[in-house]
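Notes for the one structure printed next.
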Amino acid sequence: MAYPQAAQPPVPSGTADQVAQPPSVKVILTSADVQRVVDRIAHQILEKTQGAADTVLLGIPTRGAPLARRLADRINAFETVDVPVGVLDITLYRDDLRRHATRKVGPTQVPPGGIDGKRIVLVDDVLFSGRTIRAALDALSDLGRPSSVQLAVLVDRGHRQLPIRADYVGKNIPTALSENVRVTLAETDGLDEVRLFGGINQ
Amino acid sequence: MIRHLLSAADLDADTATLILDTAAEMATVAGREVKKLPALRGRTVVNLFYEDSTRTRISFEAAAKRLSADVINFSAKGSSVAKGESLKDTALTLQAMGADAVVVRHPASGAPHRLADWVDGSVVNAGDGTHEHPTQALLDAYTMRSRLGRLAGLSVAIVGDVLHSRVARSNVLLLSTLGAKVTLVGPPTLIPVDIPAALAPGTQVSYDLDAVLPDADVVMMLRVQRERMGDSYFPSAREYARRYGLDAPRMRRLAEHAIVMHPGPMNRGMEISPEVADSPRSTIVEQVTNGVSVRMAVLYLLLGGK
């Protein structure tokens, strides 16, 4: 999940003279779209890294972790290369820890080969403010010294607050700050889908 | 999450499990290139120690430093306490310095509870009198879980001076919350008769160590406190060692997988023989390592959020 959260859709006020409007929901990527997008990113990684040698995919929980796993599976299906996959939990590196109740720490799993001298591809579902990726870069530098770091995201919704951009983008979705992008995946939510929850009815 | 950690009884099963799970993640930091996490940057942890302690104080200090907190060590010796300052005035001083957490060890049972009323920050009980030592119980539970894979249904024998042991009290409370079966073993003079009723109803009591050993998954030996030896709780040190000390022949009565624990510092040859202390069954060194991870988890969960 990208953070900080976008403004929640305004709650219908419920006053008598104002007609309460339900927040609009729009499906941006269907299940088939998500699979095509993952396939394309897998091809792009292979292309840009000349066959994904010395490359490690690190997924950022929650939904970056299964995405990284899928990308590795697709890369293996296309070119029979085994790309090591890991999980990078960024909880303890967040810059907003003190603004919320204590967060649960998730597992970080670094592949046995480590990350020193490797090309790391960070994988996340939504790229938003860029703060998650900033935290991930800090976490990465405490784990070792990769030769380079790239970023793959399923959705880029804009509104960056830090100078960060993705190397591989599944879909660019121009959004308003009042809107919310929600990614669901079969592994975590039972269904592959990307939906846009609008603050104002179109 | 709770605000203070004063007693093992403050922890329900979910909170205790959350601490143990978080400790498991904290443990991976020890194997990394940079053994430090930024989670408590800018927070101040005061170690307030009114009793001598090496391992607990160092363990808390290491835990706080690995989380990037600032650590202030305050020991009663050579401080304003030696000049007669009361606990309350010391607490107000710490409060004025902006302590986010106070880790307190005190010879009086209940001192941390009083302290919690006087300071705004979190209070962690690092041992109070003969009352409790909750982080020791957590690190013991963590060690059992990592060695034996579970806590529910484990048979744990706690052997020795239960009467004066804060380690035993906290362990009985925490282990029964987490579903282990605890048997207290020792001479009748050192086991309070009402302890199962007072702490946890399922607790067993036995005065015969040899009878308990074959069914135990964990044997936890308590230190015989030297200052108690003259108080005629038992006839002589040698007799105590003969009846309640864990030596090599007794260790052979244990099940294949059973482990031997000791909170330290040990009296080798008294409650535990050197062969046992240095055997592969012994988790004594692991307990020290795990102590840092568990205390990191406790400090993070108390101080990490809003």
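Any Cβ shown, glycine's included, is placed from N, Cα and C.
Summarising the annotation, TrEMBL assigns carbamoyl phosphate binding site to B:ARG55, B:THR56, B:ARG105, B:HIS133, B:GLN136, B:GLY264, B:PRO265. Listed in sequence order, B:ASN125, B:ALA126, B:GLY127, B:ARG166, B:VAL167, B:ARG169, B:SER170 are the same-chain residues six or more apart from B:HIS133 (carbamoyl phosphate binding site) with CB atoms under 8 A from its CB.
Look at TrEMBL and you will find B:LYS83, B:ARG166, B:ARG223 tagged as L-aspartate binding site. Take the CB of B:ARG166 (L-aspartate binding site) and look out to 10 A: across all protein chains shown you find 21 other CB atoms. Secondary structure at B:ARG166 (L-aspartate binding site), as computed by DSSP, is helix.
Annotation comment: TrEMBL describes B:3-145 as domain 'Aspartate/ornithine carbamoyltransferase carbamoyl-P binding'. Across the range of the domain 'Aspartate/ornithine carbamoyltransferase carbamoyl-P binding' (B:3-145), the DSSP-based residue counts are 65 helix, 27 strand, 51 coil.
Under the heading domain 'Aspartate/ornithine carbamoyltransferase Asp/Orn-binding', TrEMBL lists B:153-302.
Listed in chain order, the residues near the carbamoyl phosphate site other than B:ARG55, B:THR56, B:ARG105, B:HIS133, B:GLN136, B:GLY264, B:PRO265 are B:SER53, B:SER59, B:ALA126, B:GLY127, B:VAL167, B:PRO263, each with its Cβ within 8 Å of the site Cβ centroid.
In sequence order, B:ARG55, B:ARG223, B:ILE284, B:GLN287, B:VAL288 are the residues near B:GLY264 (carbamoyl phosphate binding site), counting only same-chain partners six or more apart with C-beta under 8 A. Between the CA atoms of B:THR56 (carbamoyl phosphate binding site) and B:LYS83 (L-aspartate binding site) there is a gap of 25 Å, rounded to the nearest whole number.
Counting every protein chain shown, 26 other Cβ atoms lie within 10 Å of the Cβ of B:GLN136 (carbamoyl phosphate binding site). Cβ neighbours of B:PRO265 (carbamoyl phosphate binding site) (same chain, under 8 Å, six or more residues apart in sequence): B:ARG55, B:ARG223.
Secondary structure of the domain 'Aspartate/ornithine carbamoyltransferase Asp/Orn-binding' (B:153-302), assigned with DSSP and counted as helix (H, G, I), strand (E, B) and coil, comes to 65 helix, 24 strand, 61 coil. Regional average pLDDT for the domain 'Aspartate/ornithine carbamoyltransferase Asp/Orn-binding' (B:153-302) in the model is 94.
The binding-site residues in question are B:ARG55, B:ARG105, B:ARG223, and the one with the fewest Cβ neighbours inside 10 Å is B:ARG55.
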